[in-house]
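Trainee: One structure coming up, written as structure tokens, with questions to follow.
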Amino acid sequence: MKTTRHRRSSGYAVFLAPGLLLSLLFLVVPLVMTFYYSLTTWQGIGTPAFTGIDNYTRLFQDADFWASFRNIAFVIIGIAVVPTLLGLFLAALLFDYIGKKHGDGIVSVFRSGLYLPQVVPVAVTGLMWGWILAPEGAVNSILDTLGLSSLQQNWLGDPDLALWVVLGVLVWMQLGYPLVLFLSGLQRIDPELYEAASLDGAGWWQRFTRITVPILRPEVYVVLVTTTIAGLKVFAQIFVLTGGGPGNSTLVPAYFAYQNFFERADVGYGSAISSTITLLVLIIAGTMLSRQAREDG
Amino acid sequence: MTMITRNTHDTDTPHTAREAAPPSHAAPKEHARNRTTHGRGPGSYAVITAVTLFVLVFLAPFAIILVNSFKTSADYRANGSLSWPEQWNWDIIGDVWERVDFTQKLLNSIQISLGVVVIAVLVALFNAYAIGIGRIRWRTAFLVFFLGVNVLPQEGLVYPIYYLFKETGLYDGKLGYTILVGITYSAFGTYLLSSVFSTFPKELIEAASLDGAGRWTILWRIVLPMSWPTLSVMCVFFFVWSWNEFLYPLVLLISNDNQTVPLGLSVTQGQYTSDPTALSAAALLGVIPMIAFFLVFQRTLTRGLTAGAVK
């Protein structure tokens, strides 16, 4: 009995071979290489020269690196915090108010509309917003038409303004994701619960804070963790919208690493940056999963 | 996901993919319908008007690029970006189409995304078959491995991949790129499918193997057809994610013959800076394929999103 079971097991293991082998070749080997490069000085040609943790000590003294991390904190607000809060509010409004009074049809139209930016390539939405926000672009031309030309700005070219504008674009791109997740999570709620609460005199706000938010906690957690990780990896938006500038006002670690790899041929340093991001992502993901595993008991 | 597209969708947790399907939908819907008959005061119309306005403003960027892609430069300069085109001018779209060789970019994107879907789904199916149904030894360890792979940031891998692809001749070619992206997504698929397969009815498998079916036959004749609902959601998502990829194609697919749609449009961005209507047209060309795809697969996309997220 034992042997047959064992044989059956190893028979199934064959199916794992292609996936495991290709993952090792295409993903694990490069990961190990990046970590190794981070301990070297290397221009991408010739032999890497082993320099130990020099790149990391340099990293911690580099103003651009710290700027990129400060910017990441902002990006996480724009990609995780604001869309989650706004999404919660909108989901509750759509589900508990508009859906009840005006039907589910209109809710799904709104939901689809707000989800749309999520399916358009990030690079293309970046292109679109870059054009809209350009000095000669739509926003300034709208302000002009409205007689508000004094408010015209170089939206992405002003170091004090650029990060906030990028933040706004990120919120726009990201809102649909929490909204759709929250709306689907709300399907779990027994409608009687809301009705009973209303009969007991609970207003919309009370139902929101006492029923909607507690019930959506798992979704909120998932959204915050996944989008925080996405925030750490933000690249295309920055590449297309600002190129990290002006100065380093919108620089993010992923773009900073890219610059070192492909523009400055400082592969060792770039690898130290990407190893740091990778480590952070793995820590966050690991924490999240172990927490979830514990909750599942 | 996007992750951002893919951007956000690539790090999800266990769940079963088929929930959120009819049963869970039906009850609340019925309730909502019952209640639509009462409580529509002036206040509710004020709220719905406000939300409608919000959604319209939210979607305005799409409308703005649509309108401005059909204006002549002179029209744009004279009337700004809010006006209706004096006359609908198709030349600029055509011109940008030619300049970026859009037909080629579309074909590249379609070919690559389909390839990615096939590789990712097949590999994930095999992996999950071994882990979820075969219950092989160390399956938890393998699952953790694929989970870890699933969250790896591309910027942590991109340079060695660039280097290795150059060394092996895979650089600037669709084949290596397609395998790379397919394998990346298969980690997510493995995770998703394994949890679906762990609830697969064992009796079916046992009955089939008593009838003499081998593992291969069981996979194709029983497991594959029964998991088709989950697989189809995965196909739609992988297609969109792959279509929207940016960093890998930026680094690995540099020639015109290999570039994908988003890349071809955004790297030629510099050509249009002095030509606002052309830039708008380029954005429009990039938006249209995914809007069309969205209209066709809307339900799958909005429902499937939840598949990866919460149990």
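Here, residue 1 is simply the first one shown, and the rest follow in order.
Note that Cβ sites are derived from N, Cα and C of the backbone, with glycine treated the same way.
Nobody curates TrEMBL annotations by hand; they come from automatic prediction.
Per TrEMBL, domain 'ABC transmembrane type-1' is recorded for A:69-290. What TrEMBL records for A:12-37, A:72-95, A:115-134, A:161-183, A:220-241, A:267-289 is transmembrane segment.
Thinking about packing and proximity, how do these listed features fit into the structure?
Mentor: Outside the transmembrane segment (A:12-37), and at least 6 residues removed from its termini, the chain residues within Cβ reach (under 8 Å) are 48, 267-268, 271, 274-275, 278.
Tertiary neighbourhood of the transmembrane segment (A:115-134): same-chain residues 140, 155-156, 165, 169, 172-177, 179-180, 236-237, 239-241, selected by CB-CB distance under 8 Å and a gap of 6+ residues from either end.
Beyond the ends of the transmembrane segment (A:220-241), by six or more residues, the same chain brings 72, 75-76, 78-81, 83-84, 87-88, 122-123, 125-127, 129-130, 133, 156, 166, 169-170, 173-174, 177-178, 181-182, 213, 250-255, 258, 277, 280-281, 284-285, 288 to within a C-beta distance below 8 angstroms of the stretch.
Tertiary proximity for the transmembrane segment (A:267-289) is limited to same-chain residues at least six positions away from its ends with a CB under 8 Å from its CB atoms, namely 31, 34-44, 48, 51, 55-56, 58-59, 65, 221, 225, 228-229, 232-233, 253-254, 256-261.
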